[in-house]
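Listed features, source Swiss-Prot:
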MOD_RES   Ala2  N-acetylalanine
DOMAIN    4-135  domain 'Galectin'
MOD_RES   Lys13  N6-acetyllysine
MOD_RES   Lys19  N6-acetyllysine
MOD_RES   Lys29  N6-acetyllysine
BINDING   His45, Phe46, Asn47, Pro48, Arg49, His53, Asn62, Trp69, Gly70, Thr71, Glu72  beta-D-galactoside binding site
MOD_RES   Lys108  N6-acetyllysine
MOD_RES   Lys108  N6-succinyllysine
MOD_RES   Lys128  N6-acetyllysine
Amino acid sequence: MACGLVASNLNLKPGECLKVRGEVAPDAKSFVLNLGKDSNNLCLHFNPRFNAHGDANTIVCNSKDNGAWGTEHREPAFPFQPGSTVEVCITFDQADLTIKLPDGHEFKFPNRLNMEAINYMAADGDFKIKCVAFE
């Protein structure tokens with residue numbers, strides 16, 4: 001995967017929403033949105049896989065604590081289509097991150113690192129970001 005957008009000093013607080021809108025490549029295999037303190041401390045590794053790493057049409061979520069990956073969570077909902085424009089909304093609190101998918105489906109992923117602010121975001125893979133908004 002080519003290196004995509006990286007942003008720091010976001011200071012996203014609990015209850016605030018991070019909206020990411022972009023275009024999925026027509027031949028997409030997977031893409032990644034990482035959120036956390038920095039690249040080694042991620043409260044959310046959000047990885048929709050069209051056909052990658054042995055997964056097909058599956059969202060894989062994980063966390064990374066001081067460079068060590070946690071246990072993967074697989075979400076069966078998969079509203080992504082190659083060649084489409086999508087929007088994902090992410091909010092968090094002390095306990096969980098809530099991910100709202102393009103079709104309105106929501107699921108929770110535990111805030112394993114107990115982050116009180118999200119300062120880092122990175123996007124990579126077969127996804128071209130068009131808009132990032134904070135609400």
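Glycine is no exception: its Cβ is also placed from the backbone N, Cα and C atoms.
Structural mapping of features recorded in Swiss-Prot.
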residue : record                          : Cβ within 10 Å
Lys13   : N6-acetyllysine                 : 12
Lys19   : N6-acetyllysine                 : 15
Lys29   : N6-acetyllysine                 : 14
Asn47   : beta-D-galactoside binding site : 22
Arg49   : beta-D-galactoside binding site : 22
Asn62   : beta-D-galactoside binding site : 18
Gly70   : beta-D-galactoside binding site : 15
Glu72   : beta-D-galactoside binding site : 12
Lys108  : N6-acetyllysine                 : 15
Lys128  : N6-acetyllysine                 : 14
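Listed in sequence order, Val32, Asn34, Val60, Cys61, Asn62, Ser63, Lys64, Trp69 are the same-chain residues six or more apart from His45 (beta-D-galactoside binding site) with CB atoms under 8 A from its CB.
For the recorded site, Asn62 (beta-D-galactoside binding site), the DSSP three-state label reads strand. Distance noted between the C-alpha atoms of Lys29 (N6-acetyllysine) and Arg49 (beta-D-galactoside binding site) is 6 Å. Spacing of Gly70 (beta-D-galactoside binding site) relative to Lys128 (N6-acetyllysine) is 27 Å (Cα to Cα, whole number). Confidence over the domain 'Galectin' (4-135), given as mean pLDDT on the 0 to 100 scale, stands at 96.
Cα spacing between Arg49 (beta-D-galactoside binding site) and Lys13 (N6-acetyllysine): 28 Å, rounded to the nearest whole number. With DSSP states grouped into helix (H, G, I), strand (E, B) and coil, the domain 'Galectin' (4-135) comes out at 0 helix, 88 strand, 44 coil. Considering only the recorded positions Lys13, Lys19, Glu72, Lys128, Lys108 (N6-acetyllysine) has Glu72 as its nearest partner by CA-CA distance.
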